[in-house]
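Undergrad: Okay, handing you the structure first.
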Amino acid sequence: TRLLLVLKEPALQLLGTCSPLFGEIRSPSYPKPYPNDNISRWDIQVPKGYVVKLTFKYFDLEPSESCFYDYVKVSDKKDLGRYCGRLGSTTGNYPGRKEFVSKGNKIHLEFHSDFSNEDNGTVIPYRGFLAYYRAVDLDECEPDNAAENDERPQCQHFCHNYVGGYFCSCRIGYQLQSDHHSCKGKEKF
């Protein structure tokens, strides 16, 4: 359980608290304006049996059509969206109070800024973002929840969730087998 920081391309700073169960991610220099020509990446991993819930507490990136200039991309096994803009922007894709929930126990953030933050020759000091994440128990027994690698418990009879995992049990007259999932009727003598 760790917050893994991958450094690639331009320099990057991580200014946030790290914990296996919760933390924050800040764009470079936040709350001051973020630098130009920056690429930053964060891989957030929580313990197995949990999913990652991520929300943006503050978000102020240069707005553009299709978030072409500056953006934050959120993904897990699939792309969860590309976001830019600020409160009240008519262009971009402002995330608002949306909660991003991973399918497994990992989520990835990628921040890109282009060569400038100008509008008609005026430099605009966009401040970037502040995001919070936390580990949330995954109810492996819930049919709609996809566990890591899209596997679901294959409990033959009953599935019981607990914080961080699950276990299987059998109906009366059956015994749980060594695979801890299947049940076999008890022999009567």
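Keep in mind that glycine also has a Cβ here, set from the backbone N, Cα and C atoms.
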Undergrad: Let me make sure I read this right: TrEMBL says Cys67 forms a disulphide bond with another cysteine. Which one, out of Cys18, Cys84?
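TA: Record-based pairing for Cys67: Cys84.
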Undergrad: Out of Cys67, Cys84, which of the disulfide-bonded residues is least crowded by other Cβ atoms within 10 Å?
TA: Cys67
Undergrad: Taking only the residues in the domain 'CUB' (14-136), give me the average pLDDT of this model.
TA: 89
Undergrad: Could you put numbers on the helix, strand and coil content of the domain 'CUB' (14-136), residue by residue per DSSP?
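TA: Counting residues per DSSP class in the domain 'CUB' (14-136), I get 3 helix, 60 strand, 60 coil.
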